[in-house]
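Novice: What follows is a structure written as structure tokens; I'll ask about it next.
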Amino acid sequence: MAFMEKPPAGKVLLDDTVPLTAAIEASQSLQSHTIVRRYSDFDLLNNSLQIAGLSLPLPPKKLIGNMDREFIAERQKGLQNYLNVITTNHILSNCELVKKFLDPNNYSANYTEIALQQVSMFFRSEPKWEVVEPLKDIGWRIRKKYFLMKIKNQPKERLVLSWADLGPDKYLSDKDFQCLIKLLPSCLHPYIYRVTFATANESSALLIRMFNEKGTLKDLIYKAKPKDPFLKKYCNPKKIQGLELQQIKTYGRQILEVLKFLHDKGFPYGHLHASNVMLDGDTCRLLDLENSLLGLPAFYRSYFSQFRKINTLESVDVHCFGHLLYEMTYGRPPDSVPVDSFPPAPSMAVVAVLESTLSCEACKNGMPTVSRLLQMPLFSDVLLTTSEKPQFKIPTKLKEALRIAKECIEKRLIEEQKQIHQHRRLARAQSHHGSEEERKKRKILARKKSKRSALENSEEHSAKYNNSNNSGSGASSPLTSPSSPTPPSTSAALGLSKRCKERDICITSTSSTSTTTSSSLASCEHRGTCPALVSGCEWREPRGLAQLYPEFPKRNFEESQNL
């Protein structure tokens, strides 16, 4: 089969890390995705999220007068604020409860039941394992489930089984995917948590590791119990306190060393965060190398997908290391990324590393390499004492498959970043044009344009009238001989027209084209209006043919008047 000719049947194309936003509409929503929720649904969600220990601003319930228009409008604002608080919290927005509430069509399946089915099928072929208990919601992933295990002939030894299905970034062929999964137990490195057993099928993978009572690096930072649910452990810690400077230096150096090892091997990672670092004494060991093979989206994807310079898995690892270093230093994740200013740290060397990975300049210009971070003063003087030699042999054919899969993962990231960038530009343009200042500007411009078009129409009408006047004078010329000079009244009328035209004065007339100039002026006199009164034009006494030429018979003058 050609490489990625079509996606595997079991591959889940939905990216669970894509942040969801919600807006409450009083009428039918114009968006393609619409859900209908009652207040009781909000109340049920709020009760389910109480395990996080957060005080969420759900509007209170009202029994009497809950159909009043003012109350409904006020409640709508309160519920919108409630949703905003939830969707802007990185941990809450990724939990299964919120995803099912906002997107029930894509998150309607019972993933615990699916995992149990897959695990039970595994036990049929491997009878030496036995499930002790499910570890419910100890991780943040919706489609990844954990079970506490034991070996039948070693009942006191505890292990952890993790099951996960395929994600949107799974680009390996089924054969290469299963070979690489089964290759993971052979990976030996002092800073990689060893895999005891690994297997995979066309739709999911199953791995078994030793259970660690101390938990992960995140459990150490938050003083949490490893078996507690993820929301309870990390949403609202009781005490916020960072690690000691020496711990930061040692743990940071160990993590950078294993990242460099994976980058040199051409093995894509991209899933670094504090919950993926296991503590074994004073040694940090990396977890979940299988995530990139499964094609699962990263925990910090909603952060680094905003920055177009973070477009390789190496730069993703460096950026995620910045998040991890911030959490080790201050005991909590950053409020927002990029970080404008950093709180006081145990050492300025820590701030220097944070600025190179989380600052506005770093996110705009790009991340440093892992080798560059190892040379910085914070880690360069750390001595690592380990006698274990790293071993991870990947066949050449699988290395090529990994390289192609890595390029496909990066390509999807770049396309997503382009879409986010275009959406931002559109949102800024809509916000700019919808502002009150822009509305006032558009109204003023519309008025000016309307006045200008009216003025142009008037000028055009005036020019047509002048042309008709000139042609009308030519038609009445038989009253005088062709060789005779132009009558003074006619000259005055023509001069008036020219002056008014030069001064942008609009002259209107209801006379026909064949009417003589003198009769036109006479009609102005009868209506009591004369355009010559306009400033800049001369006043001339309107005179008929009888006044100009007394020798004209009276009968002819009267006939001219009648005409």
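Heads up, the Cβ atoms here are built off N, Cα and C, so glycines get one too.
From a predicted model like this one, the values you see are computed outputs, not experimental measurements.
Annotated compositional bias 'Basic residues' per TrEMBL: 420-431, 440-452, in sequence order. Annotation source TrEMBL lists compositional bias 'Low complexity' at 466-495. Among the features that TrEMBL reports, domain 'PX' is placed at 1-109. The feature domain 'Protein kinase' is assigned by TrEMBL to 71-464. According to TrEMBL, the region 'Disordered' annotation covers 420-496.
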Novice: By DSSP, what is the split of the compositional bias 'Basic residues' (440-452) into helix, strand and coil residues?
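Specialist: Helix (H, G, I), strand (E, B), coil: 13 helix, 0 strand, 0 coil.
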Novice: Which residue counts does DSSP yield for the compositional bias 'Basic residues' (420-431) in the helix, strand and coil classes, in that order?
Specialist: 12 helix, 0 strand, 0 coil
Novice: Do you know the mean pLDDT across the domain 'Protein kinase' (71-464)?
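Specialist: Here the mean pLDDT over the domain 'Protein kinase' (71-464) amounts to 91.
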